[in-house]
């Protein structure tokens, strides 16, 4: 029986339209194989939305996203809009989208593909076999805490302050997401905090420990954030799933991303309690190569795989896409960001064609 899904496409800026076009072709091919009907609707966000409407997130875009089963985003931003006030820049469209959809959990996988192990700056024996997931809380912590501000004190010196605050319900909901993901992966969850000096982190640790009693099959551990950062570089294979707050997750997820050696390969997902999630590559809009058929579409394609797995509960279709990505890398196809001597250099469209061929091949099944 055919299963139908409404997907909002947000190509955005820079290389976004190019990598989105490849990904839509892949999803259509997957739909034929797995009897899935995707109803795609494209909408504006970021710089392209500013140019067309004057706003980085038009109300029509948010309404379309809310009416969908999942949102696939490509890239936002570019030099063209850097002179705008911060509150009007393209990136605020993404913040508004997350808030408008109630997204609070950011999933950032970092898996070392065997074909690209030498792209990492770490030694092969350290990095080989790494497959971890960082679950970051998105809507609380020091980025959103009140009060905050900047003022001149009695001596005329400028002072600035922010507030790091979490409620127990905010901690519990991100904790349950992380425990559920860990249960489906390696059944190991490391909670990262700074409970030795921060009261907010002590509450975080207490709530995670309490939640752990509901997940007896998941091994829970705790690390202070400074030690966690060190351990990610020293021996990343010790981690399976990491859960942490907004600030710490912002830092640790970027460390984890660079373990792989290429940010052009990394997908991400942002999820809420209900409604559609947003699935997007970690990389930016790369305006310097936009329109030149040089972009690497693999992170966008893998974001579509995450959409299938975490947004639409279609894990077999997701695995098929991931197998196709592995197959084209095995065959030596590389875009410019991954190219090395002896490989076959292809552009964005060429990589898409190779992926489509792999999907039709029984080798990737």
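Placement of Cβ uses the backbone N, Cα and C atoms for every residue, glycine included.
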- Hey, Swiss-Prot has substrate bound by 98, 136, 226. Any idea which of 86, 108, 124 it lists too? 108
- When you tally the Cβ atoms that lie within 10 Å of each candidate's Cβ, which of the binding-site residues (78, 90) has the highest tally? 90
- Residue with minimal Cβ packing [other Cβ atoms within 10 Å] among the binding-site residues 286, 290: 290
- Other Cβ atoms within 10 Å is the metric here; tell me which of the binding-site residues 226, 250 scores highest. 250
- Task: List nothing but the one residue from 98, 194 whose Cβ has the fewest other Cβ atoms within 10 Å; the candidates are the recorded positions.
- Result: 98
- Query: How many Å separate the Cα atoms of residue 108 (substrate binding site) and residue 294 (NAD(+) binding site)?
  - Reply: 24
